[in-house]
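As written in Swiss-Prot, here are the features:
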type	residues	note
ACT_SITE	107	active site, phosphoserine intermediate
BINDING	107, 246, 248, 250	Mg(2+) binding site
MOD_RES	107	phosphoserine
């Protein structure tokens, strides 16, 4: 069944507009509670319980209350963790033996957006089929459990501390971060009170920015999607490197001491090449957006590479299908299944630092064999219901570009899973040609939209 509300990363939208309204989110909580508990087959007498975490958006208070009401009506107890990174919810759901976890966040989006995403009892994002089942229940009348079976809610005070220790446990015992000065940008998001403690407790000198959330400033000129802020912090403070997370803490971008920015492909290469050298890497999963240079660099090391659809959920699915442990996206979602069940910005940063420490290398030295092809990405806004695949002009322009590039590049057109955008990506060895072809395709899309 096709999903109406769920995108590549849960249900997301502008606050106050469907589906991110209090009424809809309450119905979503009820539908999810009924669906997820029914799939768990609890022993008789055991009460179902679900964890709710959120980022620092002001709308999180409203949506948390709405979700809580929906779960309570379904007879589900709720544990409220407060502001906490998305991967922390995945970990705590599993560690506390709960039936599911829920995150209220729109990740890297502005404060006026928000979203809801779910984790299974095992700490993994829900399969498409389960999300479709939840959607089907949303369309049915909302019920209410008997009074004696209504859900209860309580706050858990040690969520942050538990997660800090979990993150630190992913870093090798024989290593520490003493002598390292790290600039850390938490995007005024969910990791603001957690990430600085992780790196400090491992011995680093931490220069923190983006750690003063006010409900409105999440991702505003800071974080993994705005790495220039981190770059300036690294250069002005003479840091050895910089680490940027996004609003919900599952995305990672880094900066070296010279101010060069390292995206997800480069950081994944650092982790993968270190593990390949240790003989503990079977293969790497990237996405359709992963740079060809990244794929070729892995091939030179004899490392198998496969491309999943864009979205960390699809990277995770392919990792499980192939029995591999490492994968990610150039956007900074990196998954290390030998450390966590989902992508985690803090843990991914620790894996990069461990690789550099073990090999006694800097970021630039670890990436010296990695030569990226120029890649141009242009986002074109699409009106609701516009069928770009059926437009002959768009198809012809894209086909012409592919013929021009031949075996030296790629063309990719794909709709965003979270916004009304068509992403036009062109990649090749000649930067000027790549730019020209990308602009040509984007122009064809704009003309088609204009009619």
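Just so you know, glycine gets a Cβ as well, placed from its N, Cα and C.
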Rounded Cα distance, in Å, between residue 250 (Mg(2+) binding site) and the residue listed as 'active site, phosphoserine intermediate' is 8
If you measure between the CA atoms of residue 107 (active site, phosphoserine intermediate) and residue 246 (Mg(2+) binding site) and round to the nearest Å, you get 7
For residue 250 (Mg(2+) binding site), the three-state DSSP class is coil
If you count the other CB atoms within 10 A of the CB of residue 107 (active site, phosphoserine intermediate), including all protein chains displayed, you should get 31
Across every protein chain in view, the count of C-beta atoms other than its own within 10 A of the C-beta of residue 248 (Mg(2+) binding site) is 35
If you count the other CB atoms within 10 A of the CB of residue 250 (Mg(2+) binding site), including all protein chains displayed, you should get 33
Within the same chain, the residues at least 6 apart in sequence whose Cβ is under 8 angstroms from that of residue 246 (Mg(2+) binding site) are 107, 108, 187, 189, 219, 223, 224, 225, 332, 345
